[in-house]
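A short worksheet on the structure shown next.
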Amino acid sequence: MTISVVGSINNDIVAVIDQYPKRGDTIFGKEIQYFPGGKGANQATAAARFEKHVRMIGAVGSDYYGENLMKSLDSSNVDTRFVKKSEKYATGTAIVAIDSTSENTMFVMKGANEDLLPEDVEPPFRETNDTSVLLVQMEVPQETVIRSMQLAKERNIYTILDPAPAEGITVKALEYADIITPNRQETYHMLGIDVVNVDTAVHAARTFESMGVKNSIIKMADQGSVVYQNGDWQHIPAISVEAVDSVGAGDAFAGTLACCMEEGIDLVKAARFATAVGALKVTKVGAQVGIPYKEEVREFCSQLGEEYVLDKESAFERGFSG
């Protein structure tokens, strides 16, 4: 079966600095790097690292950067048949600054991602029938995201909504999600609830449930996450590592979660495993190139004493759906 990802494809320009400048100031950086990125492409790559069949649905410009990003996805064995080449916009670009604490701040120019239209997501669903999990974010137009979720709902496809970035989301998208995975900023943007501890995370999860999303993973950075399902919740602790680059950690988490849902793994086990993959990612530079491969994850889990939960028979191949 296939994990389909509807989302952004970007060229990342990463500036490594000691500290952020004050407004109007100029500072010297340490180095600049160029990487493939975009939340959608990162998440597709993360799932493909576990040797899953992954289909990318997105848009790039008809330019040098778009060509390189397609090559990067192809090299990760991501199916790019349904990636649109826009004649209207240049390839999307993210300018990322990483300070000495490994925290990142970014500016995103959507570019060709804005040209992914609702009608562009219909052919992948109409021409194929192998998608078992849909993974979406909010770096492409919201109406496009919602249309893909509607198509998935009609086909009983399990849908994961990663509501990032926060400014791109409205509550309408919640109607079609089987699970939502917001962080503190995204939760506050949608609900007005500031997730500062486990209690507030549980409150947020119950609020999402009242809005129709029964399952959620509320992410709290170094405080871990709260997994909420069927009215019950469990806290998943964070994993302490020496951070190098936090960009893409959430995408590694999301792509791994999609793999786990494709295999029908229990949500708490899935969240623990995805947390380990996200932690391993921050030890490596590059939002996409730093996403770990399955053997690296297997070794890391062994070091942590955590279970490596993947590589079982797909739940959807056993006839289970959602």
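Yeah, the Cβs are placed from backbone N, Cα and C, and that goes for glycine too.
Residues or ranges marked as domain 'Carbohydrate kinase PfkB' in TrEMBL: 3-292.
The feature substrate binding site is assigned by TrEMBL to N10, N11, D12, G38, K39, G40, A41, N42, E139, D251. Taken residue by residue with DSSP, A41 (substrate binding site) is part of a helix. Around A41 (substrate binding site), the same-chain residues at least 6 positions away in sequence with a Cβ under 8 Å from its Cβ are V5, G7, S8, I9, N10, M56, G58, L69, S72, L73, V78, Q288.
With a cut-off of 8 Å between CB atoms and residues at least 6 apart in sequence, the same chain places K39, D162, A164, N183, K219, G278 near G250 (ATP binding site), listed in sequence order. Residues or ranges marked as ATP binding site in TrEMBL: N183, G250, D251.
In the three-state DSSP scheme, K284 (K(+) binding site) is classed as coil. Of all the Cβ atoms in the protein chains shown, 16 others lie within 10 Å of the Cβ of K284 (K(+) binding site). As annotated by TrEMBL, K(+) binding site applies to D245, V247, K281, K284, G286.
Other C-beta atoms found within 10 angstroms of the C-beta of D251 (ATP binding site) number 30, with every protein chain shown included. Feature annotation from TrEMBL assigns active site, proton acceptor to D251.
The K(+) site is set by D245, V247, K281, K284, G286; from the centre of their CB atoms, other residues of the chain with a CB within 8 Å are V244, S246, G248, A249, V282, T283, V285, A287, V289, G290, I291. Sequence-distant neighbours of V247 (K(+) binding site) (same chain, 6+ residues apart, CB-CB distance under 8 A): D12, V14, G37, V96, I98, N104, M106, G286, A287. The Cβ of K281 (K(+) binding site) lies under 8 Å from the Cβ of G248, A249, A252, G290, I291, P292, each of which sits 6+ residues away along the same chain. For the domain 'Carbohydrate kinase PfkB' (3-292), the model's average pLDDT works out to 95.
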